[in-house]
Amino acid sequence: MSKHVEQLAVNTIRTLSIDSVEKANSGHPGMPMGAAPMAFCLWTKFMNHNPANPDWVNRDRFVLSAGHGSMLLYSLLHLTGYDLSLEELQNFRQWGSKTPGHPEYGHTPGVEATTGPLGQGVAMAVGMAMAERHLAATYNRDGYNIVDHYTYTICGDGDLMEGVSAEAASLAGHLKLGRMILLYDSNDISLDGDLHHSFSESVEDRFKAYGWHVVRVEDGNNLDEIAKAIEEAKADERPSLIEVKTTIGFGSPNKGGKSVSHGAPLGADEVKLTKEAYEWTYENEFHIPEEVAAYYEQVKQQGAEKEESWNELFAQYKKAYPELASQFELAVHGDLPEGWDAVAPSYEVGKSVATRSSSGEALNAFAKTVPQLFGGSADLASSNKTLIKGEANFSRDDYSGRNVWFGVREFAMGAAMNGMALHGGLKVFGATFFVFSDYLRPAIRLAALMQLPVIYVFTHDSIAVGEDGPTHEPVEQLASLRAMPGLSVIRPADGNESVAAWKLALESKDQPTALVLSRQNLPTLEGAVDRAYDGVSKGAYVLAPANGSADLLLLASGSEVSLAVNAKEALEKEGIHAAVVSMPSWDRFEAQSAEYKEEVLPSDVTARLAIEMGSSLGWAKYVGNQGDVVAIDRFGASAPGERIMEEFGFTVQHVVARAKALLENK
């Protein structure tokens, strides 16, 4: 292909981006204008992908971590033949379009990850690279490299200022993820102005210290130098950072190289001058020259041929390794093996076990029948009970290991989990103390937004943590996560509810699940022995009916359910008929029919007392105007857990007193 056509193809990306932002009167033109050459080079000369099948298993992954530059990605998707029409580019940032302001996974064909919150794209790419290495180590055989793709990312200065990218880059270097290549759009400009006001470190030295291969391209418009750098990166066994020096808003005579081109349309006059600088002789907006369209058609055809070659290889693989191939297909489709849950542990009345421990037993049981179960903890596996026994650690020396040591990198763990789930082929879990869920909350939010079935194991879920004190005792976290759309929060009351929660989490294909688990032992509840799965799946159920017509409902989740049962028994001795409702999952309960809700929370029983060792926020919906809540609306304290619970009123005596007061005030 001639240099002239290459330059024309690059400028087509630029002008499509400019025109789309201009028409929307909203957006970020500067980044696509500066980064177009590196993106063009990557997408047309290196990336293995088939626009006709965006879900090809062994495609190279591309993440635009600098998601504000979304028109760069949309232009490439359209030009290379993905199902994204020119009309969609013209409807950039409009209601109902496939071209939202920031890329959204599942919304636009070819978009691999929802990005925009800076830094997370880098960390998700690390997760994708981890998934690729694990699946390659698990399924590849001599002569059959069915998983051997690269993960490419384009990021900006803002991405590399974010802490999550530092956490993830540290992990990637440690794991020697050589199939991850990060192209850094280094333009020395941030939204507020020149970068030197806030960022002056040597990114090159920092990434070398992480264990990365680093190369610098001085001229971001030099396609040959960019290609040479990518070739070097592919040949290196370490993850690679390619710093490409660019000019934001390249070509704009008055706004190029300035922050003013970052997040606003150029304006009609500047657009005209910019296109003249590109020697763009076409008058129509959104114009694609014929020779450019013809070139991109060749790229599309090459992608189809690459997938066809892979399909032929996989057909041979299926003949040589039928069982392995079947397992691989099941995993990449997100399905579970037949009979996988037959190994589920169960607990009898009389046995006490912390839900973190029953969770660990469930995890280990299901790991035997679900080989794609993969994950770990942010340096708390022994406390979270998330070690898969008998399995190796995932490491630079053994990528087949299923136990991931994320280190004390909660945010990177959450984002990497998203990347693994986006990659496909794995059932992913990650763990930490519940109070530290705040550290990865932005990643949880993206998981919910992308509808990714990742599993969070959050242990040490209340003031019962005890001696570690208020820094480690969650109070507001439960209400906070319940407020997040699309996230299923399950706080099981005993071992059987805990196992049911794991089953539901593993069965999910389109929703993340947070398991909120106790540190302290909890008794096995008689009402949950045979009904835990059905009850947890519906979010709430009558665990212990009243002895006769109910005078009072006791509502609780997690460790407080056994307290409610004990309070019920004390009340019954005084002739007060109370029913106990276990409410492990509000979001699941809200999805039930009105009839079922009435069955669990009969409207004629207005005396309702909720019991939960967390914020009272949200309980009013269930207890009503005549109800009450035993909760915690202050921070905890440092003392033995039993003493703290007593001081905060989580005793049978206090609950009974509150219940009787409630009935007296009716």
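Every residue number used here counts from 1 along the chain in the order it is shown.
Each residue, glycine too, has its Cβ placed from N, Cα and C.
Feature annotations, reproduced from Swiss-Prot:
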SITE      H28  site 'Important for catalytic activity'
BINDING   H28, H262, R356, S383, H460, D468, R519  substrate binding site
BINDING   H68, G116, P117, L118, G158, N187, H262, F436  thiamine diphosphate binding site
BINDING   D157, N187, I189  Mg(2+) binding site
SITE      H262  site 'Important for catalytic activity'
ACT_SITE  E410  active site, proton donor
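Positions of the features from Swiss-Prot, shown on the structure.
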| residue | record | DSSP (3 states) |
| --- | --- | --- |
| H68 | thiamine diphosphate binding site | helix |
| P117 | thiamine diphosphate binding site | coil |
| D157 | Mg(2+) binding site | helix |
| I189 | Mg(2+) binding site | strand |
| H262 | substrate binding site | coil |
| F436 | thiamine diphosphate binding site | helix |
| D468 | substrate binding site | coil |
| R519 | substrate binding site | coil |
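Closest to F436 (thiamine diphosphate binding site) in space, going by CA atoms and restricting to the recorded positions H28, D157, S383, H460, is H460. Of the listed recorded positions D157, E410, D468, the Cβ environment within 10 Å is emptiest of other Cβ atoms at D468. Neighbour density at the Cβ, taken as the number of other Cβ atoms within 10 Å, is lowest among the binding-site residues L118, I189 for L118. In terms of Cα spacing, the recorded positions H28, I189, E410 that come within 10 Å of G158 (thiamine diphosphate binding site) are I189. A helical conformation is recorded for the residue listed as 'active site, proton donor' in the three-state DSSP classification.
Nothing from the recorded positions R356, E410, H460, D468 places its Cα within 10 Å of the Cα belonging to H68 (thiamine diphosphate binding site). Of all the recorded positions in the record (G116, P117, I189, E410), the one with the smallest CA separation from R356 (substrate binding site) is E410. A sphere of 10 angstroms centred on the C-beta of G116 (thiamine diphosphate binding site) encloses 19 other C-beta atoms.
Note: the Mg(2+) site is recorded as D157, N187, I189; in the same chain, G156, D185, S186, D188, S190, L195, T246, I248 also have Cβ atoms within 8 Å of that site's Cβ centroid.
According to DSSP, R356 (substrate binding site) is assigned to a helical segment. Summarising the environment of P117 (thiamine diphosphate binding site), the number of other Cβ atoms within 10 Å of its Cβ, over all protein chains shown, is 19.
Taking Cβ-Cβ distances under 8 Å and a sequence gap of 6 or more within the same chain, the neighbours of H28 (site 'Important for catalytic activity') are V21, H68, G69, S70, M71, H262, G263. Listed in sequence order, G30, M31, G34, G156, D157, K245, T246, T247, I248, G257 are the same-chain residues at least 6 apart in sequence whose CB falls under 8 Å from the CB of N187 (thiamine diphosphate binding site).
A count of other CB atoms within 10 A of each Cβ picks out H460 as the most crowded of the binding-site residues H262, H460.
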